[in-house]
Amino acid sequence: MNVFEPRLSSWLENAGDDDDVVLSSRIRLARNLKDEQFPIYEQKEEIVDKIAGAFDDNFTLIKMNQISHLEKALLVEKHLISPYMMNKSEYGAVLLNEEENVSIMLNEEDHLRIQCMTPGLRLFDALEAALQIDGYVEEKLSYAFDKQFGYLTSCVTNIGTGMRASVMVHLPGLVTTKRIKSVIEAIRSLGFVVRGIYGEGSLPASSIFQVSNQVTLGKTETEIVEDLTQVMEQIIMQERIARTTLKQKFHIALEDRVFRSYGLLTNCRIISMREASDAISDVRLGVELGFFEHISRQKMNELVLFSQPAFLRREAGRDMDELEEKVIRAKVIREILGDK
C-alpha cells in the first residue's frame, strides 16, 4: 500500500446511490481515552502507540513526524487527514485501510477520530462501518464517557454521540439558477451546517458543498443520520429540478458554457486552481446531463484530485513557482482527458 501514489480512494472510484449529485458520504466519531489529557492540552506519542496496538495488520500506521510536509498535504487532498492534523498535530498519526475508505486520526483534536467514507448517499453504510470499528476499539480501550453528556470531546459541540455525519454534494444547478442561497438558509434553519470541500474553515467553491449535522447531544446516531438523509433527499430533488430547467429553457446557453469549459480543459497550457475547478464543475454537469458519454464520473474525480497543488508537486518532483504549477496542472488535466 502506497497512499501517496496518484490513485483514487475506493469511495471516489466506485459508484454510489444518487452519485449524479452526491459525491460522497462520511461518518466521523470523536473519542478520547479515559484518564488521559485531551490532545489539545497535551499530545503524547505513547497514546498513538497504545491505540495503534489495538489494531491488526489490516491498517497501516503513518506518523506525522515521520513524513514530509508534501506527504501530509497529499493526505489532506485525499481527505484522509484534516488540515488541523497537517499543521498543528506534532505527535499525530493516522491509521488507514487498504481501500482508504477508513481513516482513523490519532492525536488530532481528540485521541481518536474514526472516519468512514462511502460513495454517493450511503450514510447508513458509513455509520455501520464506523460503529463496528468503534465497538472493536472500546473492547480494548476505555473511553472518556459521562452518563449525562455522553462521549467527552475536546470541543463541546461534539459531546454526546461525538458524531459528525456529512455529505459532499455538487450543486451547479442550484448555483446557476441562483437558488443556492435560499436552499442553504433552509438547510441551516433545520440545524445543519454548510461548508466547503475540506470541511470546517473551508469555503464552498465550484458548486461543491459539504452538509453536516450540528447537533450531537440529545439524539442517537441513527436519528442524526435519518435526519440528514431526509434533508439530502430534498436537496437532490431540488438540484435535479434545477438541472432539468437549465437543460429545457436555456439549452444553447448551457451547452455553450459546458463545451467552452471542456475546450479550456483539453487545450489549456496554463491554468489556475480556481479556473480549473470551475471548468471541471461545468464539465461534470455536462457529464451528468449526457453531453459527454465518453467521460466517466471516475474520470471527473481524477480531475478534481490530481489537479490539486500537492499532487502537482509530486508529479513535478519538486517545489514550483506559481506559473510552473499552472503549467503542470494544464498538462495533467490534458493527459487525464486524453488530449496531451
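Just so you know, glycine gets a Cβ as well, placed from its N, Cα and C.
Here is what Swiss-Prot records for this protein:
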DOMAIN    21-242  domain 'Phosphagen kinase C-terminal'
BINDING   24-28, HIS79, ARG113, 164-168, 195-200  ATP binding site
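Structural mapping of features recorded in Swiss-Prot.
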| residue | record | DSSP (3 states) |
| --- | --- | --- |
| SER24 | ATP binding site | strand |
| ARG113 | ATP binding site | strand |
| SER166 | ATP binding site | strand |
| ARG195 | ATP binding site | strand |
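For the binding-site residues ARG113, ARG195, the greatest number of Cβ atoms within 10 Å around a candidate Cβ is found at ARG113.
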